[in-house]
Amino acid sequence: MGDPARQLTVDTPPAAPTTHQALLAWVEEVRQLTQPDDVVWVDGSEAENRRLTDGLVASGTFIRLNPETFPNSFAAFSDPKDVARVEEQTFICSADEREAGFTNNWMDPVEMKAKLTGLFTGAMRGRTMYVIPFVMGHLDAEDPKFGVEITDSAYVVTSMRIMATIGTAVLDRMTELDAAFVPALHSLGAPLAAGEADVPWPCNEEKWIVHFPEERSIWSYGSGYGGNALLGKKCYALRIASVMARDEGWLAEHMLILKLTSPQDKTYYLSAAFPSACGKTNLALLDPTIDGWKVETLGDDITWMRFGKEGELRAVNPEAGLFGVAPGTGWHTNPNAMRAIAKGNSVFTNVALTDDGGVWWEGMTEEVPAHLMDWQGRDWTPDMDHTAAHPNARFCTPIDQIDMLAEEFNRPDGVELSAILFGGRRKTTVPLVTQSRDWANGIFMGSTLSSETTAAAAGEVGRVRRDPMAMLPFMGYDAGDYLKHWLTLSAAADQARLPKIFLVNWFRRTASGGFAWPGFGDNARVLKWVIERLEGTADAVETPIGFVPTGESLDLTGLDMTPAEVEAAVHVDREEWDVELASIEEWYARFGDSLPDALQAELDALKERMSAH
Ligand SMILES: Nc1nc2c(ncn2[C@@H]2O[C@H](COP(=O)(O)OP(=O)(O)OP(=O)(O)O)[C@@H](O)[C@H]2O)c(=O)[nH]1
Ligand SMILES: O=C([O-])CC(=O)C(=O)O
Ligand SMILES: [Mn+2]
């Protein structure tokens, strides 16, 4: 109360820094509904960020890391019940239930609005309401995709500042264009009574992550965690954007983008869709173990794609930061990510802390520190039977801290893709790599993509589920219509320039239980085979599901692995595939009449090839 700066904001509410009428009206409507103590228009500046992070340190949400080893970096520890996306509580509220499709939770939008209006009433009492203007993709794109997130979480503001382009420049451009924007409303659902002390990670037991696709709006309640609360990311750039993309003729996908340069100095751009916590960030930042091949990064999680004027498929990354899985990211598996993190300016969530004010997680270093503070604030020693970091602990780091960021990252029109990889986490059945027979067959591969569930979403871990194009939790509309959109969009493209589609599985196990493939930097060997297939120079074996490498066609130079072991890693086992085909049939049956005929035909043809195998 005695703080003169605070007194000033209470007495003289700052004038809104925009004349955008629709935005002003929405902000006022939300202010009246949620009843915050004050309203702050986020400008995105360094000074503002310093004020916010100082405040978060003072309130106990952030622990400032050792500035010598992790400059301008902070650790946050969530409520143990708020550690991942909540798919059960994520809704697509289209007017018509059919539009949401069988993969989404649905509720009537009028009913949902009424419910949320109740929950948001007074939800920001005792807190500050932040207004964050942001753009996904380039501010100078042909048709910039604006959004405004209103949130009562300063953690969300500092994280959004890393993950998206936010602040004054965005707001000015939005105002100048009188542009449409996606209103994205977020509240922790933890109002404070007068004089009530705050907790380090306010949230609510009850969580609702809700999308209104026709209105292109988002309401998120009760969670402070990344995918639920940083609304530019999954909620906008995937769920809402997938609906925009359907209507406007493009694609919003859960994909990384990388640039690959061969020893002959030829460049290729690849994208890859793997479900959450299945290796996108690691592949995007790959450090090749074979000589002469170079990887540069364009994106690690979300890709927007459209067919260009010449019928080529172009891709951009709409994000500005990495929100990466910490465990398993280490100096020996992903040195490029580690170097980016070490530059600082990062927010870590649910990692462990070292005694000298640094961070640690399982897999960061081979040597395990003798003592840590675990993600729940308890003393931790290596003999304990729980992990020090939460399995879905995350680092949030500006993407331009990656040394290997490709210069094309800054191109508003993106890059032309040569290949698309679909991949999942499967212990058995699915070969290390398979080239599809053609584009439609590749879409079939994507549509039947499967993976064992991970800690990135709340719920059981390790259960095999179908995850079309790794978009199961992110399609903003009917899954059958989504697959149809892939098929119809590409029908008009230059067929000769369509990217080649491959299915990969870094996670296959051997009979003795170990990984059948070393993965990480050695995945460059698979990328090399992919490129050589595009160039027509690598051998392959035709199997019922597609083309797999011969034992000799994968470059094993310097690797302690034999061609016979490669053959085992790409083996198509008839018995396993009989089970798989039955499971795919069950999956396709769930689409009902919304399954595209072309994909049913792919399944029928695969069954026939398999029965002759
Ligand atoms: N065995 C093996 N594990 C891998 C490989 N690539 C990634 N992983 C592990 O998979 C986990 C998740 O990897 P990420 O690259 O962060 O996954 P992601 O797809 O970017 O995840 P989201 O950010 O949730 O979308 C980490 O624990 C990695 O160590 C690989 O090639 N082989
Ligand atoms: O959205 C999140 O919380 C993290 C993420 O990238 C994913 O789960 O795919
Ligand atoms: Mn992701």
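Even glycines carry a Cβ here, placed using N, Cα and C.
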Same-site residue for Mn(2+) (record: TrEMBL; known: LYS234, HIS254; options: ASP178, ASP291, ASP300, ASP301): ASP301
Residue from ARG51, ARG64, ARG85 that TrEMBL also lists as binding substrate with TYR225, GLY226, GLY227, SER276, ASN392, ALA393, ARG394: ARG85
Same-site residue for GTP (record: TrEMBL; known: ALA277, CYS278, GLY279, LYS280, THR281, ASN282, ARG394, PHE520, GLY521, ASP522, ASN523; options: ARG246, ARG425, ARG426): ARG425
Most Cβ neighbours inside 10 Å, all chains, among the binding-site residues TYR225, PHE520: TYR225
Of GLY227, SER276, CYS278, GLY279, ASP301, ASP522, recorded positions neighbouring ligand 3, Cβ under 6 A: SER276, ASP301
Inter-residue C-alpha distance, GLY279 (GTP binding site) and ASN392 (substrate binding site) (nearest angstrom): 13
Entries of ALA277, GLY279, ALA393 (binding-site residues) sitting next to ligand 2, with Cβ under 6 Å as the cut-off: none
Secondary structure at ARG85 (substrate binding site), reduced by DSSP to three states: strand
Spatial neighbours, same chain, of ASP522 (GTP binding site) - Cβ under 8 Å, 6+ residues apart: THR289, LEU559
